[in-house]
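Reviewing the structure listed below.
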């Protein structure tokens, strides 16, 4: 294309006299279609609602005298329309038309024939040509109308074809969503969810292949967590999420922004240049990178590729985009349930010496203990804790020093300790640990030194948590990491009847309470509560009875 709004015609004609004559009558034409800038490039956007005409429009005519260079031109720089002579030095008859049609589905083709070839012209129409013209009968008016109507009809057919493809894609996407939802109900693992979504997308006729990339913390690389249908594609490309050329594509931008990124025209988008040759080799014409996010935590990026240009627009883009939320929610739910059900945990102990120095100066003394954190909404949490007399004076300094601590309120006094609540916004450690299905087991600031103990379920991404904590607090260091089993507290430590319960017993009791098990009439049965926790009804009953017995013993002193 030589100009954004100039009509480009590829003339494949070996006769110099005929070629000269066609050029002359095109210059004589009083009206020719003009592509507007808004219509984009290529035959796929040549006409339609933005179609206008102009006086004495002079299109760009590119002439090739042989079929082979004509096809090469068609591949490298698709024109708006092809004027094709069937009898060329390197190809004759309808075989010439077949060779051109095999290389393009979007560009309209007008066949040029002689007076004695009308039958050939009719056969060309049956085989896929958009129009045929007899050379000796061509004038400016006939050629203008033929080009205009051919392009208009081609655009209408393209739009109908695109609508059908998008409808099919939407139906297939809905099926993928149902499969993922079913996998969650079956208590699938994260690995199965990621594998399933890639396989189901790759199995559809709408998409070529799909893969999920994970973020490396040690370097700005992207690792493959799951894939389907990719062949050797992923071995031939390098994807990062930094400021380099390989980090500015759709995947890198999706990681950086946590927003869906699409490339509607792989052949033209400058940001896709590092991967263009490989993508074209695999038939890719458009792609989408969908961040897998839940509660602000990025679990990875789902990458989907299509042979259709402009595949990820309109409603299809919206539905594809929801996959990130669905998969993110599914992964978070699975990890939470794994954390609730298993008593085996990975315990990580962090320490920040003199947290005030690491946060810009100051000092503090006394002891501040953080006991329990409760999520209020997607971004906000409430943390309950206690402080001794010196720690009470330090507490306000901590609120001023930590960006995520918004405000503190005193709740009351108990055993010489001041009870308080702190409102938090996007606390990095709490949110990160929760995203892995874990919890902050213990947190204490003592004479300015901050110690945090984290419990993560077996199989959690420990490296991700450690890197995330150290990214938020560069002076944080790991002083212990061990595999352990959640245990009951001793009776002497218990200040609340619930403190004697194991994590599993407490999760059963709280699920039953909030699930309406104790209402009359019951809103949920024991079996239904058990199903939400992924355990059997007898196991639910066993833990419920054990929890009730411990609470009664605590209250009645037995």
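The backbone N, Cα and C atoms fix where each Cβ goes, and this holds for glycine too.
Annotation comment: TrEMBL describes 38-50 as compositional bias 'Low complexity'.
If you look up TrEMBL, you'll see 8-150 marked as domain 'Response regulatory'.
Residue 85 (4-aspartylphosphate) falls within a strand when secondary structure is assigned with DSSP. There are 23 other CB atoms within 10 A of the CB of residue 85 (4-aspartylphosphate), with all protein chains counted. Feature annotation from TrEMBL assigns 4-aspartylphosphate to 85.
Marked as region 'Disordered' by TrEMBL: 32-58 (among others).
What TrEMBL lists as region 'Disordered' is 482-501 (among others).
Here the domain 'Response regulatory' (8-150) has a mean pLDDT of 78 out of 100.
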